[in-house]
Structure formats: structure tokens, C-alpha cells
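Participant: Okay, here's the structure, questions in a sec.
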Amino acid sequence: MLQMSPTRDEIGDSCDLQPPYSSAVETPFLPDDLRTPAGSSAPCKDKDANEAYELAEYGYGKNYVKILKVRRDGLRHSIREYEVNTHLQLDSREDFLRGDNKHVIATDSQKNTVYVLAKKFGIQSPEDFSLLLCGHFLDMYPQVTEASVHIKKYPWTRMLSGGQEHNHAFILSPVAYRSCTVSQRRNEAPRIRGELHGLRVLKTTQSSFRDFVQDEYRTLPDANDRIFSTMVTASWLYNTGSADFDRVWHTVKECILYTFAGEPKEGRLSPSVQNTLYLAAKMSLDRVDEIERMEVQMPNIHYNSLDLSKFQSTITGGFEHYEVYQPTDKPAGIIHAQLERSNKEMASRPRQVFCNKL
């Protein structure tokens, strides 16, 4: 049976690892300082990590910090629930290379910072609170070179009882999830990315599958009308730090829904998922000046027609105008694109100003 030679990483993990074949066999692929004669207990030579390797990407933080914000105005209460991730990069790598932690801000401190700032300043929006946290870490700790914050918002809505809004009861209704990612390097403007995901939509007509490449591998026939369903994920990069982030998120969602469905009575034809995706991104850029770049993903969730001709005698007399389909989410086509403003268009726009909201 063929035996694999040990990798260099495996040799580095065990000083007395021996090859699976005879030690008499020459192994020129091993550096001299890693060769150990059979039966020898000589230790492996350990190179200075700073000389042999470079720590390219590094950082640390606290994930999944849960926070519920409750506002009580007399009998009427309001809530917002978030999940916060904080990540920091320091100007020192000694915690990785030497185990020296004297410059490390404990992740426990990062967690408590989230709660303290939420209590002191409130949470206007995920983006505003992310900017606040990034600014705090950079201002308070000079050893921090970059701060990144990711916040997910849970979509609680007020419960209806007898057609009336309840004062203090809520229901989780995830039409779509909202999140954001903000990162900022010292002495640089923050990068703010709004995010929408989990927006599942379906329409039963006005979608076609036509004129794709006909080759020996394709089995699907052309279809003039079919069900179109997808789970939309979108993200966008802001060109300013002082936008109305709530308005922008809801505007992007409405642009996606409109380009997918169209007017309530007439609808809208979707000749391809690609075209619908492009129009959604374009409409978002047209309506929101604060967005510099838009990225959208739309997997194609299939609802396949079923051949029930074998059961025609059984079906006759039933609800013949009803159609039955088979939902299949895997495998799925995936369509994605990024749309950004051209250099010419950006040059004609007024310069945007970034600021941290402390």
C-alpha cells in the first residue's frame, strides 16, 4: 500500500517523527537542519519566527455580544435587539509571537464596552453604534491600529391584538435581516458597509428561461413562464459617515422588492435573474446618493413542475386548475454582481465628509 511522506508541517510538530520507509533511503527534500538520524533523540532546531515567517493577518475580539435595548415611555415600550462582534488589531504582535499580553485589551473589556456605551449613548442605528464603538477603541487605546465592528439587528415588530398595536408585546418577524460592518484604521476614514440578507421572495409568473446556450449537457427546456424565487443578499459601501442609515436600508429593500415584483396589478417581467439583480442594484444607486458601490447575490431557488400524467384518472374531477410543484433548494444556481459608480460620475459629485459620532 502506498504511504504518503510526512509534510514539513507534520515534521515541525513532532521532533522525533520518522519516515514510514527505511531510514537508509536518501531524503533530499528535507533541509539539513530537519533531518534526524534513526534512533536519535537530538532536538529539532527552532528558527526565530521573526526571521523565518511573517505574521500577515492577525487580530482578536469578542463575538456574539447580545444586547436588548428597552425604552419605556409610560405604558408604551419599544425594543431593539442586536448581536455585536468587535475585532481589534494592535501595533504589537508580541501576544502572538511571545505570549506577552501587556498591550492586549481583554475581550471581557470589549464586551462590557458594548453595554456601557449602549447605556450611555443609546443605539440610533447599527451603523451609528458601530462608528461609536470604532471611535471609542481608537481614541481610548493608542496601541489599537484598526477597529472593526459587525452588528446584526433582530427584526422585532409590535404585536397586533384585535387590530391594535400592543403596548409592550412583540413578535419576531424576519422578512429580512439587517446588519452592518464598520472598520476604521487609525487616522483614516471609516469604511461603512450596510447589509441585508435572508430576504426570500417568490412570484408565480412573469419569469422566463429562454435562449441559454444549447449544448450536450443541458437538459432543461426553454420556458416562457415559470416560478421565480430567490433569497436576496445585498451589501453596499457608503461614501459618507453621516447618512440616515435607517432610511437607506429601507430604501434598498424597497428597490429590491419593486424590481422583482413590479406594480401590484401589472407585475414586472424578469427575463433573467441577472437582469433583475442588475436593475435592483441600479435603482438603489439611483435613489441613494450615499451609496458608492452595491453588491447583490440571488441564488435561484427552483420550483419544478411535476409530471403527474400517470395519475390522470385519479386526478380527474379534482381541482384541475391547481398546479403542484416540487421545491428544491439544492443544487441552486447563484447569480451575483457588483455595481459601482463610474469615476466620471463620482468626480461630478460633491465630496462627502466622514465623521465619528461620539
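Including glycine, each Cβ sits where the backbone N, Cα and C put it.
TrEMBL: automatically predicted annotations, no manual curation.
These numbers come from a predicted model, not from an experiment.
Okay, these came from TrEMBL:
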- 1-45: region 'Disordered' (REGION)
- K62: active site, charge relay system (ACT_SITE)
- T107: active site, charge relay system (ACT_SITE)
- T107, D108, F209, R226, V273, Q274, N300: urate binding site (BINDING)
- T107, D108, F209, R226, V273, Q274, N300: 5-hydroxyisourate binding site (BINDING)
- T107, N300: O2 binding site (BINDING)
- H302: active site, charge relay system (ACT_SITE)
Participant: Which residues, sitting 6 or more apart from T107 (active site, charge relay system) on the same chain, put a CB under 8 Å from its CB?
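Facilitator: Y60, G61, K62 - these are the non-local Cβ neighbours of T107 (active site, charge relay system), listed in sequence order.
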Participant: So for F209 (urate binding site), how many other CB atoms are inside 10 Å of its CB?
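Facilitator: Around F209 (urate binding site), other Cβ atoms within 10 Å: 17.
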Participant: In sequence order, which same-chain residues at least six apart have a C-beta under 8 angstroms from N300 (urate binding site)?
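Facilitator: Once residues fewer than 6 apart are set aside, N300 (urate binding site) is near S229, T230, V273, A332, G333, I334, I335.
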Participant: If you skip the near sequence neighbours and keep only those at least six away, which residues in the chain come within under 8 angstroms of H302 (active site, charge relay system), Cβ to Cβ?
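Facilitator: When sequence neighbours closer than 6 are ignored, H302 (active site, charge relay system) has S229, P327, T328, D329, A332 within Cβ distance under 8 Å.
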Participant: Would you give the longest CA-CA distance, in whole angstrom, between residues of T107, D108, F209, R226, V273, Q274, N300, the set recorded as binding 5-hydroxyisourate?
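Facilitator: It comes out at 53 Å between the most distant Cα atoms.
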Participant: Under 8 Å Cβ to Cβ from R226 (urate binding site), same chain, six or more residues apart: give me those in sequence order, or none if nothing qualifies.
Facilitator: S207, S208, F209, Y303
Participant: Compile a sequence-ordered list of residues in the same chain as Q274 (urate binding site), six or more apart from it, whose Cβ lies below 8 A from its Cβ; state 'none' when nothing qualifies.
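Facilitator: Correct list: I335, A337.
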Participant: Check each residue in the chain of D108 (urate binding site) that is at least six apart in sequence and keep those whose C-beta is under 8 Å from its C-beta; list them in sequence order.
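Facilitator: Non-local contacts for D108 (urate binding site): K62.
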